[in-house]
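Asks: Take a look at what TrEMBL says about it:
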COMPBIAS  1-16  compositional bias 'Basic and acidic residues'
DOMAIN    42-483  domain 'Major facilitator superfamily (MFS) profile'
REGION    1-23  region 'Disordered'
TRANSMEM  137-157  transmembrane segment
TRANSMEM  163-186  transmembrane segment
TRANSMEM  198-220  transmembrane segment
TRANSMEM  226-249  transmembrane segment
TRANSMEM  290-313  transmembrane segment
TRANSMEM  333-355  transmembrane segment
TRANSMEM  367-387  transmembrane segment
TRANSMEM  393-416  transmembrane segment
TRANSMEM  428-449  transmembrane segment
TRANSMEM  455-478  transmembrane segment
Amino acid sequence: MPTGADIKERVGDSSHDSNSNMTQEQSFKKGFCSLRHCLAFILQLCNFSIYTQQMNLSIAITAMVNTTAATSQPNISTERPPTDSQNLWNETVQESKAPVYDWTPEIQGILLSSLSYGSFLAPIPTGYVAGVFGAKYVVGAGLLISSVLTLFIPLAADTGVALLIVLRVIQGIAQVMVLTGQYSIWVKWAPPLERSQLTTIAGSGAMLGTFLVLIAGGLLCQTLGWPYIFYIFGGIGCACCLIWFPLVYDDPQNHPFISAGEKRYIGCSLAHEDCSPGWSLPIKAMVKSLPLWAIVVSYFCQYWLLSTMMAYTPTYIGSVLQANLRDSGILSALPFVFGCVCIILGGLLADFLLSRKILRLVTIRKLFTAIGVLVSSGILVPLPWVSSSRSTTMAFLVLSSVFCSLCDSGALINFLDIAPRYAGFLKGLLQIFSYIAGAVAPTAAGFFIGQDPELGWRNVFLLAAAIDVVGLLFYLVFGQAEVQDWAKEQTHL
């Protein structure tokens, strides 16, 4: 029969075990050494690789095209002397012995845009498949296909334009598999209090890749030859696949390397959420959902501004600020590197405010979106009036990118809050609207600039800011952060 001392000792041991378990679980809530943060950094590397592969042809095509073919004449006395930049590229081609092609501007435009031809059809099926069957093989296959095809771009260019276009179309679909499917992973891996920081760490790879390819792309073309920009970044993507397949799992419960404490913490954090994917989609309820429409409208409006800046920042710096080719690449990359850092900081700040219960989740989403939209748009409007100062213009562009990155912790990930069960499908739907904005916004900007080069830039920035603010107002009125009824699993008695 146990004595009072034995019972007291057992109670003490039980209390000690409970305290140690609580301390151990608290340790899994903090720091970047957890497996879920490791997964975020792996996804950051994947996004980095995909964005370098998206932009490498835009950088390399300057060296791939024979710029003197269209102006060469039999009588050399009537030729215009080549510019310094043309001499630089011609010398580079001769030294590297890289082939050049007589592609007309129309063919170049088709080659550059062919990456997007399949993008309008792929996001929704990709998101649905990733949500139902898991994102590991969807994202991994997309990354592998895109990386291998990147390695074959120089060979395809030698073979012919038709093959290169087909290769780029397939590559664009593969890249959509990565960019859309990855969000299904966070449904089972991201605790609600860490959702912002994990998604922003992963998403920051996009800006990091854009920054590096702008900085290093031209240098690689000049020193090694343009094929190496495809070999190097394609090889990096293949190396990412060697990390992705053995280390990434769709469910933390099945991961062989996760600790018991972290598995228990993630499971307890997500216990109240319905994360199981659904085969059927409540399309009718989605169409009637104003919170979902608030995200869709905000997504479209924010990507209008983002697409305008990504497409025309190098042009603005080169034409308005009169920067040379080398300086234009460096200056164009600055907003992206600052944006990359601030995306992560914004995610950490959002989760800090949520974990300390300083603000509600819906307040955080709307506050970050409002600050990001109003400040970034407000900074761009006076940009044409400070074009006489290069330093002021660059400061404005950097600040706009910094504040715009706060939206990644706001409306841009709000779909994970209102419908985690359908995260993959909704991300695909939102990608469609972002691609529409990406197709229309640069076209409208080109129309304004073509009508009046001086006043055109002012109209471009005014229109982008106005559209962004309209999307913000719609989101502030109808946006929510609670799981919607149509996103909950229906139980039939």
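The backbone N, Cα and C atoms fix where each Cβ goes, glycine too.
Those TrEMBL annotations? Automatic predictions, nothing curated.
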Asks: Six or more residues beyond either end and a Cβ under 8 Å away: which residues meet both conditions relative to the transmembrane segment (367-387)?
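Replies: Counting only partners 6 or more residues beyond its ends, the transmembrane segment (367-387) has Cβ contacts under 8 Å with 298, 302, 305, 309, 320-321, 346, 350, 359, 393, 396-397, 399-401, 403-407, 409-411, 457-458, 461-462, 464-465, 468-469, 471-472, 475-476, 479.
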Asks: Hey, which bits of the same chain come close to the transmembrane segment (137-157), Cβ under 8 Å, at least six residues off its ends?
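Replies: Contacts with the transmembrane segment (137-157): 46, 49-50, 53, 56-57, 64, 99, 101, 126, 129-130, 163-164, 167, 170-171, 174-178, 181-182, 184-185, 226-227, 230-231, 233-238, 240-241, 244-245, 248.
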Asks: Is the number of Cβ-Cβ pairs under 8 Å between the transmembrane segment (198-220) and the transmembrane segment (393-416) three or more, considering only pairs separated by 6 or more positions?
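Replies: Checked: the transmembrane segment (198-220) vs the transmembrane segment (393-416), in contact.
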Asks: Can you work out which residues elsewhere in the same chain, 6+ from the ends of the transmembrane segment (455-478), have a Cβ less than 8 Å from its Cβ atoms?
Replies: 290-291, 293-295, 297-302, 304-305, 308-309, 312, 316, 320, 366, 369-370, 373-374, 376-378, 380-381, 383-384, 387, 411, 441, 444-445, 448-449
Asks: Average pLDDT across the domain 'Major facilitator superfamily (MFS) profile' (42-483)?
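Replies: Summarising the domain 'Major facilitator superfamily (MFS) profile' (42-483) by its mean pLDDT gives 86.
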